[in-house]
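Undergrad: Okay, here's the structure, questions in a sec.
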Amino acid sequence: MNKNLEANRNRTLSEGIHKNIKVRAPKIDKTAISPYDRYCDGYGMPGAYGNGYVSVLKVSVGTVKKTDDILLDGIVSYDRAEINDAYVGQINMLTASSFCGVAGQVWGHDLATHDSIANDEIKPLYELKQFDGTPLKVYDAKPLLEAGIELFGTEKNRRFTTAPGAHVICANKSATAYRPKENRPLKEGEAYGVWSFIALSLSNDRDHCADLFIEDAGLWTKNDNPEDLKKFLEDHRKAVTWSVVECGRDSHVVFERTYIGFAYVIMKPGEIGNALTCAPYVTLARDAVPSEGFPSLNRISLSQWLDDMNFDSLVNPSKK
């Protein structure tokens, strides 16, 4: 490596008066621009500019009234989970298991950093000890989930969605169940509710190690009380992050932090519910890239990106 070239690639950024941060330029081309002006595209599809990709986080649920064809009901409930919250409808979802690698970056953390992360306003929910004794700080994934909504938009207010019919690799899992209309004991595969988790753990050496996705999904069969289900999920976070620590142990990877979030729904009697967790790997729509170029996304906050796009915030309408 040419040390002078390496020094030139690194840079110092000002975050305010007497407050500078060192930013290390990536050794790998992480540019990720799709061939479409208004659409994101799946990673690895023809016509993209750059070697990189962008990971976007999403957890959502969908329900449908049961008909006499449970297979079709499952399709519709899954489709509704795709279109709710951050819009990822009309895609051919391909499954990956499940890392954001050295060519990838995370929307809302690395690119267009959510303001609560950029301003160091978020606090850990709890900590776990990793295999080497290093503490793993676990944060709510809400900022990253909000960032996904701001990028893709919603079903009623679409922005830079994935191209209709695009083939999109995603880290994903889902759970589907029927809640019977009658008040009777549940049968196998039936439930009062469904839920899904997503956890993203950032390696402490992202030049040489991958970030880890853990997805989890399941059925709630105890009762139809949403508060009880929510309490279960809040407790279940520690089981999900336990798996993070164990996967880190397996590959001797230490993580700097974990973001974790969940979605859930208690179905009405006679409904089928689906809980989806997914993280699409995409290249960004050309128009989603500021005029200063793709690297500028590493330097701006989500609110600055919204200003650059002349968008109002979808998750906080009082702000741009």
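Heads up, residue numbers simply count up from 1 along the chain you see.
Quick reminder: no glycine exception, Cβ is built from N, Cα and C everywhere.
Checked Swiss-Prot, it gives:
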MOD_RES   Ser98  pyruvic acid (Ser)
ACT_SITE  Glu215  active site, proton donor
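Can you walk me through where each of these features ends up in the structure?
TA: Secondary structure at Ser98 (pyruvic acid (Ser)), taken from DSSP and collapsed to helix, strand or coil, is coil.
Taking the Cβ of Glu215 (active site, proton donor) as centre and 10 Å as the limit, one finds 23 other Cβ atoms among all the protein chains shown. According to its DSSP assignment, Glu215 (active site, proton donor) is in a strand.
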Undergrad: I want to check the contact list for Ser98 (pyruvic acid (Ser)): same chain, sequence separation of six or more, C-beta distance under 8 angstroms. What comes out?
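TA: Result: Ala171, Leu212, Phe213, Ile214, Glu215, Ala279.
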